[in-house]
Each structure stands twice: as structure tokens, then as C-alpha cells.
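According to TrEMBL, the protein has these features:
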- 30-48: transmembrane segment (TRANSMEM)
- 60-84: transmembrane segment (TRANSMEM)
- 90-109: transmembrane segment (TRANSMEM)
Amino acid sequence: MSHTATALFAKFLMTLVVSGITLGYIAGSTWWGILLFSVAATALNYLLGDLIVLPRMGNLIASAGDGLLAAVTAYVLTFFITGLRTTTPALVLLALLVAIGEYVFHMYLRADRKVQPKGIAGSSLFGWNMRPSCDIL
């Protein structure tokens, strides 16, 4: 198994455990709904958070965005997955726990060069320098 696949599997397991606690225990979702949500949230958080936001904005903003994206994804998916239920406290706790987990995961991603996709090491996703600089001001 490649390093990236292993990292994605770890990310999926973290999302599954966190959503099992928040959406399963607190909100009363079924395991099937939690599993479907975890797959969707892992994919979205990896594609948007890890590949686009993390290289451009840094760990803190990417982690907060991943937590918010997970909560929004859970809320939206409740309209499409019958076994998935949410409550406001469950969504807030989900966002907080995912953000904390993603913060740690991003530190691992940044440290392990074998996990970083080609083109990300040392620069942003497509080689564009998207870091804020003083010449904008």
C-alpha cells in the first residue's frame, strides 16, 4: 500500500471514529449513514483541504476549514441519506474534533515527503505562489 493510501486510510478512520461518536452516539445516526458520511467527508477534506487549502493557507486555516466542511457535509447529507441524523451540538462537536484531528494529520502530511503529491513539496498545488505577500498591500 502506498504512503498516500495509508495516510488516506488513517484520515478515513479518524473521520469514522469522530463521526461515530458525534453523529452516532449524540445524534442517533445509523452505522450505514456514518460510513457513507465518512467516505464523503474524507474525500472532500482531502481534495479541498489537503490539496488546495493546506499548501496555500497553512495548517490552522486548513484544519478549521476541514472541520467546517465536515459539519456542512453532514448537514447536507442528512437530506439524502435516511440513516444520517444531525443535531446542532453533534455538528459543533464534529467540526471541533475533525479540526483537531486534521491539524495533527496535516502536521504528519507536511513532515512526510512520501505522502505529498508531486508538485506540492515546497510550493502550492499547481506551482502557483499563493502565499500572502506585502506587495499586495
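From the backbone N, Cα and C atoms, a Cβ is placed for every residue, glycine too.
TrEMBL does not curate its annotations; it predicts them automatically.
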Long-range environment of the transmembrane segment (30-48) - Cβ separation under 8 angstroms, sequence gap at least 6: 8, 11-12, 15-16, 19-20, 23-24, 65-66, 69-70, 73-74, 77, 81-85, 98, 102
Remote residues contacting the transmembrane segment (60-84) - C-beta distance under 8 A, at least 6 residues beyond either end: 15, 19, 23, 29-34, 36-37, 40-41, 44-45, 48-50, 53-54, 91-92, 94-100, 102-103, 106
Same-chain residues at least 6 beyond the ends of the transmembrane segment (90-109) whose Cβ lies under 8 Å from its Cβ atoms: 7, 10-11, 14-15, 18-19, 21-23, 26-27, 41, 45, 49-50, 54, 59-60, 62-64, 66-68, 70-71, 74-75, 115-116
